[in-house]
């Protein structure tokens with residue numbers, strides 16, 4: 001690669017936003033009220049049975065009573081809405097407090113009371129225990145929490161909004177022999193019933209044409225020279241969430257159908273895997289051997305309550321990788337670990353962060369991924385003004401990943417800038433598959449609410465069945481994010497934001513008037529409220545807006561500019 005000299009003409013600096021859209025201050029997130037203490041109940045005295053034999057009495061007295069778990073229990077909900085008074089009736093006290101603080105006006109409540117109940121149900125069902133395994137507990141030693149790691153790690157000199165899995169030395173999986181994509185290093189075993197996958201979708205589409213050579217790095221600069229210190233993160237409410245499926249919950253009365261005071265019977269939840277079952281399953285996935293003999297750790301780039309992230313070198317190839325070491329005992333959703341590893345291992349693509357290997361070392365799981373130094377798209381979005389050509393290029397790369405996943409009946413369900421990772425060569429890759437869903441022929445739709453609220457499609461927020469097009473909606477919101485620096489409703493109360501998504505559908509935003517007609521049509525095609533009218537990923541790849549895409553190498557200068565802006569803001 002030719003280095004810049006003093007005689008070379010450097011391109012103009014990328015436009016920087018006058019003020020960063022990243023949140024610089026810690027924001028207080030309201031805590032849910034604690035449940036009331038159960039009232040003490042007096043034990044009922046039983047009359048002795050005079051017909052019982054004494055020896056039988058002694059035997060029964062020595063035995064401890066066996067109490068079975070409750071079955072066929074009922075939870076009664078009586079929530080109604082009185083249009084005359086404009087008030088909800090029978091609403092739990094905790095819900096009433098949330099509604100009072102939500103800034104949802106009385107007029108809005110009257111216009112769509114069902115949307116209010118849906119929003120309340122979603123907000124109260126969100127559980128921190130359902131966060132993805134890539135996200136650690138929010139534990140920071142310094143006063144200013146890290147802005148970039150969405151998994152809550154305390155960053156070291158380098159940080160990203162998600163696990164920084166990238167690398168430029170990994171062979172393009174579309175050029176690999178389909179029968180060798182799942183190698184022994186990835187822990188593949190023919191007895192597992194998960195055969196190697198082929199790549200039949202868009203094999204001739206290149207994510208970076210040969211003419212798009214990576215830009216030269218200025219003389220004397222390396223990616224390590226431009227790594228900034230960490231700055232505060234986005235609000236905690238932008239973290240991904242998980243709520244249990246509808247079939248596991250108590251029903252909410254559908255006010256649109258005149259259902260007031262519905263009695264809901266609790267149904268059996270899906271059986272949760274035990275720790276022993278998780279370990280047994282992981283042993284069929286991971287590689288056997290000592291990872292220290294294959295990889296040499298270089299730098300620790302993050303740490304948290306249950307693990308650490310390192311950059312490392314594969315000894316045999318000298319390729320740079322990322323290794324995440326996790327203590328399985330500290331992972332709240334161990335099943336998601338298995339889900340993510342299996343999905344990434346069996347769905348390799350040039351626009352998806354590659355899973356390379358995994359090992360079980362005592363109680364620790366080591367996951368090896370490819371590593372890219374560019375960080376997440378969030379840094380570029382919040383610090384730089386992106387041209388239409390750059391936005392089109394990013395959207396094209398993400399759509400290629402989505403088209404590939406959807407063709408294999410996989411829904412990502414958490415598309416946002418935090419989960420788009422960049423290489424210094426301009427490569428764009430999708431990561432974080434902790435919430436992805438595999439659809440079977442028998443189950444073409446999902447009802448589980450997952451993802452991040454501000455990027456959620458209306459059918460997800462309203463808890464309807466949904467399919468792959470929820471990813472397309474999230475891509476449309478991400479396109480707005482690249483224009484505005486943040487998604488719509490980010491400054492609204494979270495409960496009100498959920499209500500607005502369910503009620504308004506396609507959001508309005510200030511920068512819309514300055515967009516070109518082609519860009520507007522592209523966003524509108526992705527943000528169709530009616531799912532049948534919303535374009536698919538394959539259809540959007542044919543949209544004329546993508547023809548204005550600039551070379552991916554142009555992203556290099558935006559990445560550098562964003563890092564410098566973050567460093568200056570941190571030092572000021």
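Note: Cβ is positioned from N, Cα and C throughout, glycine not excepted.
Annotated features in Swiss-Prot:
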REGION    1-71  region 'Disordered'
DOMAIN    67-80  domain 'CRIB'
REGION    81-294  region 'Linker'
REGION    156-195  region 'Disordered'
COMPBIAS  178-195  compositional bias 'Polar residues'
DOMAIN    295-546  domain 'Protein kinase'
BINDING   301, 302, 303, 304, 305, 306, 307, 308, 309, 324  ATP binding site
ACT_SITE  414  active site, proton acceptor
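In this structure, the C-alpha atom of residue 307 (ATP binding site) lies 23 angstrom from that of residue 414 (active site, proton acceptor). When averaged over the region 'Linker' (81-294), pLDDT in the model lands at 52.
A distance of 23 Å separates the Cα atom of residue 303 (ATP binding site) from that of residue 414 (active site, proton acceptor). All protein chains shown were included, and the count of other CB atoms within 10 Å of the CB of residue 414 (active site, proton acceptor) stands at 28. Taking the Cβ of residue 309 (ATP binding site) as centre and 10 Å as the limit, one finds 31 other Cβ atoms among all the protein chains shown. Across the structure, residue 301 (ATP binding site) and residue 414 (active site, proton acceptor) place their CA atoms 24 angstrom apart.
Counting Cβ atoms from all protein chains shown, residue 303 (ATP binding site) has 18 others lying within 10 Å of its own Cβ. For residue 307 (ATP binding site), the count of additional Cβ atoms within 10 Å of its Cβ stands at 22 [all protein chains shown].
Taking all protein chains in view, 22 other C-beta atoms sit within 10 angstroms of the C-beta of residue 301 (ATP binding site). Between the C-alpha atoms of residue 309 (ATP binding site) and the residue listed as 'active site, proton acceptor', the distance comes to 22 Å.
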